[in-house]
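First comes the structure, then the notes that go with it.
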């Protein structure tokens, strides 16, 4: 009987389910976003599958220019992360594969599952910190700094990364410079590259 | 048609409020939430009553299993708190009443108004910090740690608490274990409780 | 035996107690501060008393200009709060007592324990939101906005407040203007007060 | 060919443009706000002009009571700032012009472009820190503290300020006291001003 | 004399590092901590090895009560994480192994590398979300909620987790209840367990 | 007399000046840093000059490779900013001067004071947003994204920028690639530049 009263109190609250402030905010990609992320899916429709991401079971194709596959489980691909401040990625490297130089808005940790890679970052004093990692090794790439990974082994490599934002961004330096609409002249002036080099790389990226 | 109603609501709101960046964001419980809380009520409709909560004037019934009444003024009950990072609770204890072991996502301070209670928390090294509080005493329960309060006096006790989130959560350990849908077997394996104990408590919580 | 191994792992960690990242950071007022608050007291010397504040058991004297006593349990007075993002105050009002117009860096909630007060705040559009509170009523004062409380009852009043910072600041408008070293001329120019008014109030505050 | 695969991966992602978590969140003033700011404008409609604000090219009229013009580029005026945690203002001072005593929720830096001003703030111990600034000088006004600027030169002055919030608020002390609906009696009690002074200033602000 | 030693330590450090605002703050475990983490190691002494953690290359012994090994790379074990808001753990499960019910202050993501486990969490409405994960599956455990993992396969299992704090805490429910100094009577009152059950588990944990 | 009591209360507090939680935390560059910034200078030694920065009165030399002078008032150069979450820079451009492509950890706003520049940034979809700015125009560069400025006028240009961190970092892409210790081979692999280009630029940066 006592516990009955206990449950009545809870039930009343629960019946107003639109009014419950939730422990999580599974992203609803069909509503307008705000600065803190996606609007929350109706909690009544949330199931355990919203919290599980199965897209990392197998690697993706690595037949691209960098011989890699970067599968990013950020909030747009894995809406269960929305608002929770963390995300992940699966990095597959073919032999000779590279995760090209890039930045995120937040810090990243990497753990090497298979293979042998060189991983590194560059700090604001232009000091590069890089080293060969063995299976099981972890490396941290501090917030916002340029970093990269290169498979130096004789077999494919596999790593998982985690970043402390549901939407950390992923800006690949060479794609930013050569694969988009930034005029060649501005690349040349602001990075000091030669015109021929810029044109060659734009072509490589299929960008004329 | 439903969609239409949805957008009409949006448009109406928008036409009134669009240029004002507010100092507050009284929660509108009828709009989709985001990771940072409820959407803001139209500032034109905000009155002083949105900022005042009168639900603590009297205590609630304590005829439940814990002989307590925990009245939580979180953002769903007190939308004026929305986005402001703080909330409160009124704790009424009958003689022998207990606020059972629980956690929140944020820190909590308690001030004892009437009676005599033991309050305490347990840190990550399993060290319990607990002590008898007198009227007027304050105790802090650091972010995320298990804590509890027990009325050890001969009269009812009353305390107010404040937490530094508009939505700090409130997870009662025994309710989580026995009052919901977690299978008994998983409780037994992950907390090491005996099967008979788990069944006894599930019954106590009216959960078969 | 199995559990023995379990404890050995934990013990090793614990023996390096200076290296443990704690759940709390009781302030050590004898070490240099940082932007996030006081340095942490050695965890080995922390006791339950660090988490309890007994300074609110009785009110302080109210024989001052505002007929009040504002006892602030911020991190400097209650170092157990340090780093935990919350603090409190006890407000005693004599008959006619006033908590003068002031601001904090963070939001504040107030709960009225005894008496009858008018409480209010002013938003950026110069709109004042104020109302008479009864015992048990709660009011929120949003972050950074001017606010005040006035005892309008025939008896002393008592309220507790909580703020979502361990160091929210407390800037009383009239003290800032008249009790410190800001030259009268600058007060007059930047607040548009008359010279005679400024001089009268500086005298009232014992400031010439 | 390799790069073709690379682009197909990207294109697929891009085609679901409503699902992209953006690097920015240009405010859409026609949608409901949340505690973290405005909802985001559809990224497909964002152009470079959303990131540029041209409202500071010329100063505004200074023929008001304070002989100033404070042009605030907060998120409501400059929606490209929404969610990015920073904003700006252009301050024009006629000869003798003043930015009256005021507060924000966040810190402010000022840089003097033309003229000669006294700038200052008051801390919680009522200590005023003020000094004459020359062209090119920078001053910081810490979060939440009362501050002001006064043109003491013989010519108009110009300064730009920046604040670390897209919506830092701007509460002018004398406007809050005299230009709004706070009853004169409450001003007198909570700031200790004389009745005549309050009435005089309410008249000055056109508030009867 | 002790004081002298204290200041000599400080001075030495200061003379080397004073003008550099770093991109990282490798923790110096010999200096006092603050609320935001460890003080920073002198940047001049930082090497690439500070950013790499090799403690996950092999699993630890699982011959304990839970048949697990939870190797936590939090800031005290991996000082390179200090101040960067992220950390990791390696979870080894023997056959039948369990990561017991526990909480952290922040969110956690898990990726299953080997084996087959049930993972789950319980929300504030006592709803448990749990499911069997296959190799490569990811699950998110939202901030502060009780969660667990159980090896249900016929072989050992291996998972890595990441949490969005350098010091997320790790509070195991049964250890908090039975392995520390919380009196049995308080456990019984605040969790509703039987006395015999509590005594049995305290014995199991070697706690008399 | 009443006010006397008022002041005694305040004085007692003030006499313990090492225990005051301050409104600001002027950086003491001689003490160890923490993750949140420098330790605070003793408040007793703080003067108004700590809050003022005079290093922007004149521009610096622009006879370098980029024909610019970027004078950064971050916390190491302007310790009064420490802990306050904002900083500034003065950008001088000779004719043809460029602020090369770079990133920060936080957002930046720029205001053009003299001249005519093209300013732009590149988002994660490789879309560049750039435009010519006139005197008085403001542009925002969202957190973490590559951006640049180029003087396209016939005279020197001058701009001020502000960033929402006291230590936002400043990573120039070409310096990171060519001016430090990152091996040429890694630049070539991770950015796809030709060997000859890398060597040419390393020479240009005086890096053999």
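The backbone N, Cα and C atoms fix where each Cβ goes, glycine too.
Look at TrEMBL and you will find B:1-19 tagged as signal peptide. Residues or ranges marked as disulfide bond in TrEMBL: B:25-B:40. Per TrEMBL, domain 'Cupin type-1' is recorded for B:54-199. According to TrEMBL, the feature Mn(2+) binding site maps to B:102, B:104, B:108, B:147. Taken from TrEMBL, the feature oxalate binding site covers B:104, B:108.
Structure with TrEMBL features highlighted.
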residue : record              : CB count, 10 Å
B:25    : disulfide bond      : 29
B:40    : disulfide bond      : 25
B:102   : Mn(2+) binding site : 23
B:104   : Mn(2+) binding site : 25
B:108   : Mn(2+) binding site : 28
B:147   : Mn(2+) binding site : 24
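Those residues of the chain, other than B:102, B:104, B:108, B:147, with a C-beta within 8 angstroms of the mean position of the Mn(2+) site C-beta atoms are B:103, B:121, B:141, B:145, B:146, B:163, B:168, B:170. In this model, the domain 'Cupin type-1' (B:54-199) carries an average pLDDT of 97.
With DSSP states grouped into helix (H, G, I), strand (E, B) and coil, the domain 'Cupin type-1' (B:54-199) comes out at 22 helix, 56 strand, 68 coil. Here the C-alpha separation of residue B:147 (Mn(2+) binding site) and residue B:25 (disulfide bond) works out to 31 Å. For the pair residue B:25 (disulfide bond) and residue B:102 (Mn(2+) binding site), the C-alpha distance works out to 29 angstrom. Of B:25, B:40, B:104, B:147, listed as recorded positions, those near chain D by the criterion of a Cβ under 8 Å from one of its Cβ atoms are B:25, B:40. When secondary structure is read from DSSP and collapsed to three states, residue B:40 (disulfide bond) falls in the strand class. Checking the recorded positions B:25, B:108, B:147 against chain E with a Cβ-Cβ cut-off under 8 Å leaves nothing.
Each residue contributes its Cα atom, and for residue B:102 (Mn(2+) binding site) and residue B:40 (disulfide bond) those atoms are 30 Å apart. The distance from the Cα of residue B:104 (Mn(2+) binding site) to the Cα of residue B:40 (disulfide bond) comes to 24 Å. Straight-line distance linking the Cα atoms of residue B:40 (disulfide bond) and residue B:108 (Mn(2+) binding site), rounded to a whole number, equals 26 Å.
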